[in-house]
Amino acid sequence: METEILTNTQIQAAANYLAQGKLVAFPTETVYGLGADATRPDVVKDVYAAKGRPSDNPLIVHVSGPDMVWEYADNDYKTLATKLMDEFWPGPLTIIMPIQPGKLSKAVTGGLTTAAFRMPNNEVTLNLIKIFGKPIVGPSANTSGKPSPTLAKHVYHDLHGKISAILDDGPTKLGVESTVIDLSVDIPTILRPGMIDSEDLLKVIDNVNSDHHKVTATEVPKAPGMKYKHYAPSAQVIIVDDVNDFGRAISEYAAKDVPMGIMATDEVLQNVPTDIETFSLGKDVLSASRELFAGLRQLDNDHVKYILAQGFSDEGHGAAYSNRLNKSAGNAHYKN
Ligand code: TXA
Ligand code: MG
């Protein structure tokens, strides 16, 4: 199958593919998603196959607005969910709620009685869903286990030949996936940290728990995605938490005499020897979040064996970056 690259004005062509039961990658403000008709189990199964994703890991249902949600979700959750939707939609917040029995297939929910809903903040994709007229499922449009795609070319690299089209809308603005909040439990619980943090959420709801700890293989995870190895480049990533340690860390790894790469802010990169591969994370944790996945992919293309990556505080907006970087590093931190 040829994978067609569509410009951001070819929305109708993308909608036509979806109507034919084909897979189309779509832009969002977080990362690119792999779109398919959420109401057709046969088509949703193709999404798992294209990504190589375990089928017990449920998918996000992307909608063009709250009305679409209430055709599927349990309407008892309307009051609570509407507070969040009013404040944060369209935006990087995925809301998990119980669904009306039989309204979404097992292929979407992984057999759970809940589903995840999100209205992305991207005009092209909102128009696509409106024109298509039905919700679309969308995991991140990468091969399962690889860094999520923040550019159309990342999607092409992983999925060309396996999907019909990619709707290209340039680089994604945030770079890390949405915050996932579960409303189906007594206290709303963050299952995956994103750019909307608990402090933001507490402005509109009374109480929020965090549950994005590392899930062991035998534990039944609340967000099944948490149990899989994620965001892993081929290189070993080592997190350097204190920028003052970079000099020493670089000397140590340089002594191993294998190619290495450094991912850090411009300030840190100023002092890195010119013969070492580098990737700029910009100036702060926001630019670092935007660039993280592209950096992991870039340094992988350069065939480095080790990546020394700058750590940031995991407070507030740093929570998402730290969570993804820790996963890509298998929690390996530089110790001097
Ligand atoms: O920013 C994003 O959320 C991107 C863009 C494309 O929208 N999508 C994304 O999808 O990251 P995905 O499939 O890579 O991650 C969805 C996460 C997974 O960890 C999954 O296990 C969890 O949400 N999830 C989905 N439905 C769930 C449910 N009913 N209960 C618990 N967790 C659920
Ligand atoms: Mg993903």
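Each Cβ is built from the backbone N, Cα and C atoms, and glycine gets one as well.
TrEMBL: automatically predicted annotations, no manual curation.
A coil conformation is recorded for S178 (L-threonine binding site) in the three-state DSSP classification, outside any helix or strand. Sequence-distant neighbours of S178 (L-threonine binding site) (same chain, 6+ residues apart, CB-CB distance under 8 A): T30, I60, G91, P92, L93, T94, R118, R192, G194, M195, I196. The L-threonine binding site annotation in TrEMBL covers T30, H62, S178.
According to DSSP, R53 (ATP binding site) sits in a coil region rather than a helix or strand. Taking the Cβ of R53 (ATP binding site) as reference, residues of its chain lying under 8 Å away and at least six apart in sequence are, in sequence order, V47, P139, S144. For R53, N57, T114, R118, S140, S148, R192, Y231, the entry in TrEMBL reads ATP binding site.
The domain 'YrdC-like' annotation in TrEMBL covers 8-196.
When the binding-site residues T114, S140, S148, Y231 are ranked by how far their Cα is from the Cα of H62 (L-threonine binding site), S140 comes first. Under 6 Å, Cβ to nearest atom of ligand 2: this is the test, and of the binding-site residues T30, R53, S140, R192, Y231 it is passed by S140. Candidate binding-site residues: T30, N57, T114, S178, Y231. Those with a Cβ under 6 Å from ligand 1, in sequence order, are T30, N57, T114, S178.
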